[in-house]
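Swiss-Prot has this to say about the protein:
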type    : residues                                               : note
BINDING : GLY68, PRO69, GLU70, SER71, SER72, GLY73, LYS74, THR75 : ATP binding site
Amino acid sequence: MALSPEKEKALAAAMSQIDRKYGKGSIMRMGEVSSKLAIEVIPTGSIALDIALGVGGVPRGRVVEIYGPESSGKTTLAQHIIAEAQKMGGIAAFIDAEHAFDPVYAARCGVDVNNLLVSQPDYGEQALEICEALVRSNAVDVVVVDSVAALVPRAEIEGDMGDSLPGLQARLMSQALRKLSGAISKSRAVVIFLNQLRLKIGVMFGSPETTTGGQALKFYASVRMDIRRIETLKNGQETIGSRTRVKVVKNKVAPPFRQAEFDIMHNEGISRAGNILDVGVELDIIRKSGAWFYLGDDRLGQGRENAKQFLNENPALADEIERLIRAHAMAAPISIVSPKEDDAVEDAGLFEE
């Protein structure tokens, strides 16, 4: 509906005053900046997870939380996101609050460790100030904080071992996210917080699991992913990897409660070939007949491991299949986990916790 000339004139004067006071672009019509409507993303390294996220990856200019039990693949997933950002020509930073970063394994996940920025802060405030400085530089595309549980407030480090300091870490996270959220949006960086699980005492109904660092991160995160190891992969008696399931328990950019499964192998991280096979079969791009896998009339291999090996040896074919999958993915039905069936941390609608 068109505005009356008087209202249009008053609105133009108000917008002009706001621009003069706070800078050009402080207020704008969305129709004038249609390019900002598109959601920019960085792929996760797992095509199944890219589909589950609904937009093809983790959204830029947002806070993302990845949480799960120990050895579930949190750091591996974050390192694959870093690798994808670097492939796109981006700069990534890894804030290693746990002091457990393994550059050899990161390189196996595809990370260019020579150009990766790494910081091992002494306490939580230092870690978050470094994160803020990197974000405000507008030069970094991905910042990973590993992990929230290891962001120990300075007062706790300088105090005695038995001191009780309730709520200190939660207040630290709340203040940091208030300062960071605007800067993250303007810089178009993805800030990924890895988090651990704790058990709440005395919970009779629902999941007793909760994440560390208080409630603030749950609200500020646009995407929250629960990652779990569901199966151990073996070659005879030797363990070679794990089958992993990721549930998108909160998503502000697409419908939530979707899930993805993929293999994490000890020598390569997320198995790209295995993921392409699984999703290709689900979308009928790859045909499975008995033990054989086919692309059209061409055989890829007998058995999943042989087909994976064939794709690893023919990266151009793997790229073509991935392109076909991405072209068809948004129109394909994706399994959605009901919030009642979800055994993850209590969470999350589309827009609110």
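Yeah, the Cβs are placed from backbone N, Cα and C, and that goes for glycine too.
Mapped onto this structure are the features recorded in Swiss-Prot.
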residue: GLY68; record: ATP binding site; Cβ neighbours (10 Å): 26
residue: PRO69; record: ATP binding site; Cβ neighbours (10 Å): 14
residue: GLU70; record: ATP binding site; Cβ neighbours (10 Å): 8
residue: SER71; record: ATP binding site; Cβ neighbours (10 Å): 11
residue: SER72; record: ATP binding site; Cβ neighbours (10 Å): 23
residue: GLY73; record: ATP binding site; Cβ neighbours (10 Å): 24
residue: LYS74; record: ATP binding site; Cβ neighbours (10 Å): 23
residue: THR75; record: ATP binding site; Cβ neighbours (10 Å): 24
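Each of ILE227, ARG229 belongs to the same chain as GLY68, PRO69, GLU70, SER71, SER72, GLY73, LYS74, THR75, is absent from that list, and has a C-beta within 8 angstroms of the C-beta centroid marking the ATP site. The secondary structure of SER71 (ATP binding site), as reduced to three states from DSSP, is coil rather than helix or strand.
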